[in-house]
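The region 'Disordered' annotation in TrEMBL covers 1-62, 114-164, 176-407. The compositional bias 'Polar residues' annotation in TrEMBL covers 1-12, 43-62, 114-131, 147-164, 180-240, 325-339, 385-396. Under the heading compositional bias 'Low complexity', TrEMBL lists 13-42. Residues or ranges marked as compositional bias 'Pro residues' in TrEMBL: 300-309, 365-374. Taken from TrEMBL, the feature domain 'Zinc finger Sec23/Sec24-type' covers 503-541. Under the heading domain 'Sec23/Sec24 trunk', TrEMBL lists 580-824. What TrEMBL records for 829-912 is domain 'Sec23/Sec24 beta-sandwich'. TrEMBL lists 925-1024 with the feature domain 'Sec23/Sec24 helical'. Per TrEMBL, domain 'Gelsolin-like' is recorded for 1045-1116.
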Amino acid sequence: MNVNQQSHLPTSYMQPQPGGYQQPNYAGQQMPGGPQYPGYNGSLQGYSQHAPTSQGFLSSSGFPIKGSPDSFTSGTSSPVTSDYLGHVGVPPVSAAPTIAGQSLPAEQQQYTHYGQGDIQNGPTSGANQMQRPPMTMRYMQPGTGPQAASFQPYTPSSTGTQQQQLTNQMMGMHIGNPAASAQTSSTTIYGGQNPLQPSSGNFPTAGSGFQPSYSNSQGHPPINLTQGMPPTSLPQSQPPHQRFASGPPPQNLPSSQAPAFPPPSAAQVPSYVSSSGGPLQGQIVPAPPLSHPNHAPPTQAQPPMPGVPLMPTMSGPQGPPPHMPSSQDGFPPQQNGSFGQVRGPQPGYPMTYPRAPNYGTQPGPQGPPAPPPAAQKKLDPDSIPSPQANELPSQQKTRHRIDPDAIPSPIQVIEDDKNNRGSEPFITGQRGQVPPLVTTNVLVKDQGNASPRYIRCTSYNFPVSSDMAKQSQVPLAAIIKPLATLPPDEVPACLIDHGETGPIRCNRCKAYMCPFMQFIEGGRRFQCCFCSCVTEVPAHYFQHLDHTGRRVDCYERPELSMGSYEFTATVDYCKNNKIPNPPAFIFMIDVSYNAVKSGLVALVCEELKQLVDYLPREGNMEESIIRVGFVTYNKVLHFYNVKSTLAQPQMMVVSDVSDMFVPLLDGFLVNVNESRPVITSLLDQIPELFADTRETETVFAPVIQAGLEALKAADCAGKLFIFHTTLPIAEAPGKLKNRDDKKLINTDKEKILFQPQTNFYNNLSKDCVAQGCCVDLFLFPNQFLDVATLGVVPFQTGGSVYKYTYFQPETDQERFLNDLRRDVQKEVGFDAVMRVRTSTGIRATDFFGAFYMSNTTDVELAGLDCDKTITVEFKHDDKLNEETGALIQCAVLYTSCGGQRRLRVHNMALNCCTQLADLYRNCETDSLINYFAKLAFRGVLSNPIKAVRDTLINQCAQILACYRKNCASPSSAGQLILPECMKLLPVYLNCVLKSDVLQPGAEVTTDDRAYIRQLVSSMDVADSNVFFYPRLLPLSKMDPSNDCLPVSIRSSEERLSKGEVYLLENGLNLFIWVGANIQQSLIQNLFDVSSFSQIDCSMSALPVLDNPISNKIRGIITMFRAQRPRYMKLIIVKQDDKIELLFKNLLVEDKTMNGGASYVDFLCHMHKEIRQLLS
């Protein structure tokens, strides 16, 4: 939109305009409708229009950013293009410009954007600036007068009235006395005030003629506000001086030139202020360090810095605004990915970019050192050229977008946490202690609270009342992983056997003995820490108390001194009061045409021959007691008798799938060692038996029913491993039809795609859970398979789904076999029931994960493995006590793989607070995002996607608005102030919103979305962290002799260099991205070929080469795979290859092809939401 276009400010923010001074469209003028911007959940009709900020431009104006993917409306009436990013401000003026090319004195150089210790990902400012493309409009040179004829709408009717109008518009502007200019100061933000910038009373009182005066000693007159953004470009069809010379521009611009969706702006992210540091923004002066984490930037007066040239005063419109690159294009990225040039100050912008507080001293480089700046070789076709950088006065060389390095960096937060907390063990003895981040590898010592590997909380300091919780909107939840695997150097949960009497429990609430129980009356009784009931101590458990009131044997008993431990359960805790039989594994193999032809049947049978020797067993057992059985199926089921006394296995066929039964009892479930020869013979014969099959149809529900009936007949719990390839369309119970319909996407009926076709599978799940029959499903689809329906039974029984689309043994065999081996061998509990007890004041109200619930308190799992998490949300039912805190006890009753009934208990003591600041200081963003993702992914089952996205954004905006309102020191509304421990909430939330479930790309299938939805629902915090914000490592510059990993870089294309190799992981896949300019020696050492063009992208593993680089990178890949529950497939991506789109989709700080917002844009959007809530 042209800056000269007439529009009207909201009357509440302006005086009646005298004739002759036309208002440019930079106030609250509503922009017209257009298609909604999907990344932002639709239109923003409800947003209130804010007063102009101290810069004199609307707080929602902004920074031109390249190619906004779509537009959204703001309830308006003129066309909005997809590439415009908001209204523009008062044009930069030409008063008292500094001399072009003037170098900065040393005092000012310290305020350059990159502070000491920073690595700049791109050319440095100053002499190394990249040149901007030439353009046709001439900039006024210092000393030239304004060309009044060119821009008549800006002609003031009188100096006095013009000055009065400007004063009225620029609400929040610091108006000072010129005489006191050296003493006054305010906090300048893009919409607020500036911490250190001296103010000189730029706008004298009315009637003064608006002529600034300043002494020589002041240097250039300082300015205490940031002016409006430079206007967007005019259409190129005419020379600039001819356009609209005789009046305002036409109101209706063509859509290709019309503005689009609100950009980073004064209102949106004028500045970022972490609660532990000064403001961060595109351009601000750094604040001094703050002494308190929740202290806002100081606003007391600061004298101007001696010898630093300051900005000229804005003395009214004095000429045409400089012609800037269009908002459609922004600046083309530099060759190494850094955006734009680092330029000198521009009129109205405070100094150069400061370095970002709290993000300055990176422990390692964030990407490669910048190469010498190359000339821009290509521009976008629509790009409007700009003046050369060296032709501009120094004030006009500036950035035009929020600097990504000035907003919170996930990598910096992760690295800081590693440096600050990675070297010391985390000791759990203290109540309410926030653990290190999941990305920090630290030794945990259990001294009374459960390890964060077992339980992580969204906050470790709960508000004392429900009103406080509602005010903050921070969800109070625990992500619990009851059977988590610990590293070898940590002590596993101790097993306690109290004999026939069983565990000591509270008489009333049945809580188990734990370190927080209070012994009284000399140790003869104990008071429950959960319900305060007093219970007699059994005679065999009695012990005296010491002078502090603790039992003298407390350190000898794990249940009195540790947060996590296990009890051996008595027969009272067993089903039907009977010790359980050993569990069983049943392998059920699809032998339809697709499965046989793809080589899957032969592959599974060959692998099972070895795998049955590695079934899970108790630590001290010589062999596993788990029994095994085998079934094959297509339209009918084949059971196999592999009894040890048989010379050859026997097949029995059940063709009546409508009434499933097991045709044999003896010989179906057998001990592996006893029946080894028969099992081996069977697995050799199965591929041959079905080699010539022509049967393409399969059944599915009867397969599960058969496994369930077999476990019932054997009276044991167990697990079914089902290998399935096609949609079950054969006539049978649970028959499905192809209902894949892309037309439902982005409609209210989209939720149907996530729901099961039929309730049959829900009922089947209920039967499976009652028996302790867990289902793990391995899918090999070539087309739609309806994962949303087939996954119901695995999900509700605590099982897993693995999916290998277009399975080909050459490329997918390694991943499938590793997944199968780990799935069969991992620790698992059967027939499990979990209950979470809490102290008075809170209670568990909601549960997320892969399980079944028949009542409101008990989480039932037919199987519970070491990877599964259950997320529990808590609500207040009374007031909490700040002194006693809040207690959580999670108890899981399960049958071990050795057939023993056990109770795993985890305890967690949390603080309680009456101040919101304490709540915000003790939150954990990774856990919050884990909770929000699960909440949203469950929400899509019953709500339109847009409603789910809006709910997420709204709740997070409320959390941050509450902090801003109640915890941050008063400051300009233009500042975005984030709590220190939640400063990554916007970037991570944006990643959740851009996930395939909530915003699918065109290539994402319905099955993919259902698969991801189910997968994330039982993910732990470490896996969800890397899934939503992938880890990206530069490999080229690392030292092969050093054991340390290279420091990750931010997940953005701007960070990539053509001469580098990068490794990206998201927990499901590994990508190696190879830049086109990679060194030939590195190609040879890594891929064993001599040139970039010879690299084979179809390879699924790096060649094994005996050189340090190859060894190091293969070692990193192996280490990453060992850290994740699923084997990550390796994908080689060459720059500009077709598959690169898949890789770029995981660069989550960038815009996505399907309309997902960039980090910067979303941060601005969140700020707009927060300001709306605060207003």
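Quick reminder: no glycine exception, Cβ is built from N, Cα and C everywhere.
Model, not experiment: these values are computed from the prediction.
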Assess whether the domain 'Gelsolin-like' (1045-1116) lies in contact with the domain 'Sec23/Sec24 trunk' (580-824), where contact requires at least three Cβ pairs under 8 Å among residues 6 or more apart in sequence.
yes
Do any residues of this chain, six or more beyond the ends of the domain 'Zinc finger Sec23/Sec24-type' (503-541), have a C-beta under 8 angstroms from a C-beta of it, and if so which?
448, 496, 549-551, 554, 559-563, 567, 569, 837-840, 887, 889, 891, 903, 905, 907, 909
For the domain 'Gelsolin-like' (1045-1116), the mean pLDDT of the predicted model:
93
Composition by DSSP (helix, strand, coil) of residues within the domain 'Zinc finger Sec23/Sec24-type' (503-541):
6 helix, 11 strand, 22 coil
